[in-house]
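What follows is a set of notes on a single structure, which appears directly below.
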Amino acid sequence: MYQSQKSMALGGQPPKALSSLQKVAVSMGVLGLLILVLATFQVELPQKSLWLSLALGGIGGGVILFSAAAYGNKSAGIKNDGVWFKSISSRGLWAWVFGVLLTGFYIILYFFPALIGLREDAANVGLIALFDPFSKALSGNPASQWFVYGVLYTLAILAFGFKFLWKYRHSRYEKLRTISVMFFQTAFAFLIPEFMARLNGKGFSLPYYDLKNIWPLNYYNFEQYRVDDFISAGTVGVALLIFGIVSILVITPILTYKYGKRWYCSWVCGCGGLAETAGDSFRQLSDKSTFAWKVERWVVHSVVVFVVLMTTAVIYTYLGYDPEKYWLTKDLFLLLVGGLLSLVFAWVMIFKRQELEKDAQYAAIGYMVIIASLIGIHFFSGNDLFLFQAETLRSSYGFLIGSIFSGVIGTGFYPIFGNRVWCRFGCPMAAILGFQQRLFSKFRITVNGGQCISCGNCSTYCEMGIDVRAYAQKGANIVRSSCVGCGICAEVCPRGVLKLENDSLDGRINPKDVLLGNDVDLMDYVNQK
Amino acid sequence: MSQKVVIIGNGIAGVTAARHIRKFSDKEILIISAESEYFFSRTALMYIYMGHMKFEHTQPYENHFWKKNNIQLLQAFVANIEVNSKKLITQNGEEIAYDQLILATGSQTAFRGWEGENLNGVQGLVNKQDLELLEKNTQNIKKAVLIGGGLIGVELAEMLHTRKIDVTILIRESGFWGNVLPQQDAQFISRHIEKHGVEILEETELDKIIGDKNNQVNAILTKDGKEISCDFVGICTGVQPNIDFLKNSGIETNRGILVNKYLETNIKDVYAIGDCAEQKEHPTHRKSIEAVWYVGRMMGETLAQTICGNLTTYQPGHWYNSAKFFDIEYQTYGSVLANAEEDIGDFYWEDLKHEKAVHIQYAKADETFLGINTFGIRMRHEVIDEYLSRQMKLQEVISNLKKANFDKEFSRKYEKQIQAAFNEIYSKVT
Ligand SMILES: Cc1cc2nc3c(=O)[nH]c(=O)nc-3n(C[C@H](O)[C@H](O)[C@H](O)COP(=O)(O)OP(=O)(O)OC[C@H]3O[C@@H](n4cnc5c(N)ncnc54)[C@H](O)[C@@H]3O)c2cc1C
Ligand code: SF4
Ligand code: SF4
């Protein structure tokens, strides 16, 4: 049911004002969902492919038709009428119902896949069995709960992506980046890994690899079984492994330098993709208080420290097993990690100290914790990091961050906390890209002179909870590590005050005490004080 | 003892003054205001009604900001000022002493004394209470008539439109906001508004408002004898300074509170800024009362200097303003006049889809650039400001429009079309 409620309210109209076309759309969606529910309760559906096509077509088609009906006959422009009147988009009853259902779905998916029909040693049943033929057609293997999730996820990005395209059809920036996330999700996250799995066999087995899913978001990328697989798959595998390392160390810094972290977070990433499309109706729910900002910085950077340590410990463990096979020994590896971090830290402290201001202390704390732990790993040796086994670290990370945070809370709570909770508070990738964006990127949101009227639309609709207005009304450009460059602040600003752009590093951060429009040179006084 | 600055009015003018005074001094600061507990953005009232934001979203500072910056707030209405004993008396009879007093009391709807303007269902839109009243007045109604266009008029039209209320606007001129916009621009905007299903009756003036026996509005009569039935009338013929409570205070007023170039009134230690201030002497390119957001802010910035011992003249630079007419954003820089004299030339361009337009005025004698209106195209404030200061020539402005563009990335560019249109006209003239 929740899907239909969702589509009902997402169209920019209160449910009671549904047009007849929208009623058709809602029925399509409900029927599609009904098929999935019937399958879950193991109602026998003979022609599986047909029923699955009907279900997916019904849901996807329903959402698309609904949006076309909602926006098609309206002029191009901002469509936020009634956002705070509608139950679903203003934390009303429907929001809670939807949130609980979504959370329930994630809990089943992560922890009780048997409930939707996953069987270890026998043929799948129920919902997962419904997806078997589709999965076999792609990869040759039966479906898993992850395949079901992948299909629904991709469907959500495509269908709601279409809705987003309609809603923002006046803006080429929004259209391009939405087409981009729709493409990356379908091709890179969904199809390519399935096809790669098809190549496997006869001693050649590539791990499931979504190329755009970069460590540390892809926190398991360097685990032993994957690295073994990569290496045993020969040149292609090694190339992929190297690509994985180069991605985070070389490719991301370069792209972030040129375009800001938006190149990833709102043009490529799947989590971002879902947030921007299916989550678009919830962006106004993010918390803008300075308190939330403080929490954000502590939590997200702790996750970075956690993932660095966890990955180091895990790699360290298996390096020990086979000193002949890897040129990389345990100690050399620790030295490399420590050396790299020290280089980055030194560079920041020498060149960027002022820009970091108070955050420099936090950076220092994080750095010390990691270095101390590295030394700890070395001396206590064994496979323990103090009291914890590397494997325990890994599985707790997987459980706490990978499942609970990114899935259950991150997506399940869309209707309550907004659509980017994970990206803001939990994603280590976003934190690292944010660090790059804050310190060395050409990207900024330029504020247009003294034009801001402090109305608050920008802050309200910033999904990352950035108080954009606080900068705009001072005439200061927005250079914030958390900004994902979605561009919505610039869309909703009724005075055209904001512009996302890449420009030179000079004058990127420009606090102005006195705004344009006043001819007195008050800046002199300000500087004198 | 540190000095006590009292500010009446917690709008953009009063709050900016307070913030800047705090920046430069440790004076005691008290802001007294009647309308709301905390500063909110008046310009965002429409978005609350349309459901884009809730009231709390329109408050630019978190509630703890004031305490943290040691700025005291009091929600009360000031009924009287005794300038000789330097104290205020609130409506509840509370007396408050001041060393320096800043009047930043803003504006209210300007009713023009029409017959029937006091009927239920007739109102303007300036403050929070108006918005609450509007919510009440527009429950389950079908038809609204707005008297006067202008910026509040178009906002009100858009607001009512989102509630599916049929809107008719009466305007005196032959195009929307025709007393400010040149004819072509005004008609361009009229067409856009009409495309949204709002009816505009041009060259039509209100004669009187007619009510039923319950004192509820049910029609209006125009001067040319046309009767339009309606259940709501919006007064959008402008605003006037909030100065009624100053009547017997000895503070000199005209339409607004009269101030000199230092924003001082005739009484020592009493100042006025924002919508309520009327400048006795002002630069020729500016008006004596300018009821816009930016002016309140700039006056606040300037006066804070004076209060903190740095006597500073209020010297606004080039005029600028912006607004949004339904989906079309409008920006203006410098001087673009509705009824320009003979010695001023016009260059107007509109795209084929009638969604974008640019209007430039220049001095005919030497082709100096005077000002620009843009519709659906954003300009970079700093750059255009510099073009104006440098007194660039028309041709140079046209060929440098691209540098001044502030549209979103990947937006379509119009400079080539504008240049081509310009070349065509120009080649004919010369
Ligand atoms: C609907 C609307 C939309 C607008 N949109 C724009 C726009 O887009 N761009 C733009 O530039 N301008 C806009 N304006 C104009 C702009 O809002 C005003 O110019 C600006 O708010 C004036 O600020 P101020 O500080 O002078 O006064 P105000 O914001 O009016 O504040 C004055 C305060 O003083 C209080 N007060 C008055 N008398 C007393 C008293 N005796 N005792 C206690 N308190 C008192 C009032 O209650 C009020 O709260 C708009 C105005 C309206 C009404
Ligand atoms: S600041 Fe603007 S571009 Fe950045 S995340 Fe917020 S809304 Fe998106
Ligand atoms: S939306 Fe625009 S005008 Fe409104 S507060 Fe933000 S930057 Fe200022």
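Every residue gets a Cβ built from N, Cα and C, even glycine.
As annotated by TrEMBL, domain '4Fe-4S ferredoxin-type' applies to A:443-471 (among others). Counted with DSSP, the domain '4Fe-4S ferredoxin-type' (A:443-471) comes out as 9 helix, 5 strand, 15 coil.
Counting same-chain residues at least six beyond the ends of the domain '4Fe-4S ferredoxin-type' (A:474-503), those with a Cβ under 8 angstroms from any Cβ of the stretch are 78, 80, 168, 171, 173-174, 177, 258-262, 265-266, 272, 276, 283, 296, 420, 423-424, 430-431, 434-435, 437-438, 442-453, 455, 457-466, 468, 509-513, 515-516. Here TrEMBL flags A:474-503 (among others) as domain '4Fe-4S ferredoxin-type'.
Summarising the annotation, TrEMBL assigns transmembrane segment to A:21-43 (among others).
Positions annotated as transmembrane segment by TrEMBL: A:49-72 (among others).
Under the heading transmembrane segment, TrEMBL lists A:93-112 (among others).
What TrEMBL lists as transmembrane segment is A:146-166 (among others).
Here the transmembrane segment (A:178-197) has long-range neighbours at 135, 138-141, 150-151, 153-154, 157-158, 161, 164-165, 168, 206, 208-213, 266-270, 272-273, 276-277, meaning same-chain residues at least 6 beyond its ends whose C-beta is under 8 angstroms from one of its own. Under the heading transmembrane segment, TrEMBL lists A:178-197 (among others).
When Cβ-Cβ distances below 8 Å are used as the criterion, the transmembrane segment (A:230-255) is approached by residues 203-207, 209, 211, 214-216, 218, 221-222, 263-264, 432-433, 436, 440 of the same chain, each at least six residues removed from its ends. The transmembrane segment annotation in TrEMBL covers A:230-255 (among others).
Taking Cβ pairs closer than 8 Å, the transmembrane segment (A:298-320) reaches residues 215-216, 219, 222-224, 227, 326, 328-330, 333-334, 337, 341, 362, 366, 369-370, 373-374, 377, 383, 385, 390-391, 393-394, 397, 401, 405, 424-428, 430-432, 434 in its own chain, all 6 or more past its ends. Positions annotated as transmembrane segment by TrEMBL: A:298-320 (among others).
What TrEMBL records for A:332-350 (among others) is transmembrane segment.
The transmembrane segment feature in TrEMBL is assigned to A:362-381 (among others).
Residues annotated as transmembrane segment in TrEMBL: A:396-417 (among others).
In terms of C-beta pairs under 8 Å, the stretch of A:49-72, A:332-350, A:396-417 lying closest in packing to the transmembrane segment (A:146-166) is A:49-72. Residue counts for the domain '4Fe-4S ferredoxin-type' (A:474-503) under DSSP (helix as H, G, I; strand as E, B; rest coil) come to 5 helix, 6 strand, 19 coil.
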